[in-house]
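Straight from TrEMBL, the features:
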type: DOMAIN; residues: 131-257; note: domain 'Palmitoyltransferase DHHC'
type: TRANSMEM; residues: 45-70; note: transmembrane segment
type: TRANSMEM; residues: 76-94; note: transmembrane segment
type: TRANSMEM; residues: 174-197; note: transmembrane segment
type: TRANSMEM; residues: 217-238; note: transmembrane segment
């Protein structure tokens with residue numbers, strides 16, 4: 001099937017998600033607010049293992065930094081300043097990870113490519129649309145089907161097992177923040193390891209740590225390896241994401257060398273469309289838009305909407 005007109009795609013893109021039975025009801029009057037009350041979670045074994053590993057590695061880094069390097073230090077302000085900074089960055093990183101994982105990336109309504117719905121679209125003669133044969137949905141422009149999420153995702157960049165979710169139109173901002181904060185705490189941990197090694201060698205490992213010298217060395221070596229690997233990976237991913245946003249091009253579109261059929265945004269406009277509004281501290285705040293009341297309502301409604 002061929003591509004439909006722009007206004008038809010916009011109508012489809014803003015259609016609310018379906019209920020638990022994943023069937024489409026053209027008479028449904030649910031709104032975007034109703035959609036926001038549902039929890040998005042992908043039940044993929046590999047993704048859940050990778051997400052748990054991410055949290056455990058951050059907790060390990062926090063343990064080594066706090067209990068092996070900072071608390072035994074005789075310099076009070078050195079310990080306090082670095083401890084507060086590292087733990088704040090860790091909280092921001094894990095919060096960004098959670099919001100990336102639990103935010104709908106921009107899923108297209110599943111199973112809405114029915115004759116009844118097609119008739120309701122009131123297409124003009126000769127006007128055609130895309131249809132995804134895998135999830136039986138009307139596919140907007142720039143949407144791609146994810147075999148893991150089992151949904152078509154608007155502006156899908158890629159599926160990331162480390163966040164157990166697709167990176168798409170609605171959660172790309174949180175993914176960018178996740179890579180940025182992980183890169184920052186990795187760099188911070190490497191710097192602290194360098195100072196700690198220098199301090200321990202100069203003091204001949206006496207009163208260097210509350211742990212024995214062999215244990216201290218092993219813990220710090222593992223932290224250095226973890227920090228170097230995570231810094232390299234997340235810094236590259238952060239740069240790639242910013243480049244894609246500025247060029248208004250997803251990773252899938254770049255790899256497939258797809259010729260743009262849409263009007264590309266200017267670089268600054270692309271950044272504002274992803275991060276929302278004019279530049280401010282809200283751009284780097286993963287808690288922006290989060291409502292505890294909404295989370296409590298979600299819990300009362302009975303758990304995840306999707307179990308794929």
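Don't overthink the numbers, they just go from 1 along the chain as shown.
Positions of Cβ are set from backbone N, Cα and C atoms, glycine also.
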Arithmetic mean of per-residue pLDDT over the domain 'Palmitoyltransferase DHHC' (131-257): 90
Beyond the flanks of the transmembrane segment (217-238) by at least 6 residues, Cβ under 8 Å: 57, 60-61, 64-65, 68-69, 176, 178-180, 182-183, 186-187, 189-190, 193, 196-197, 211
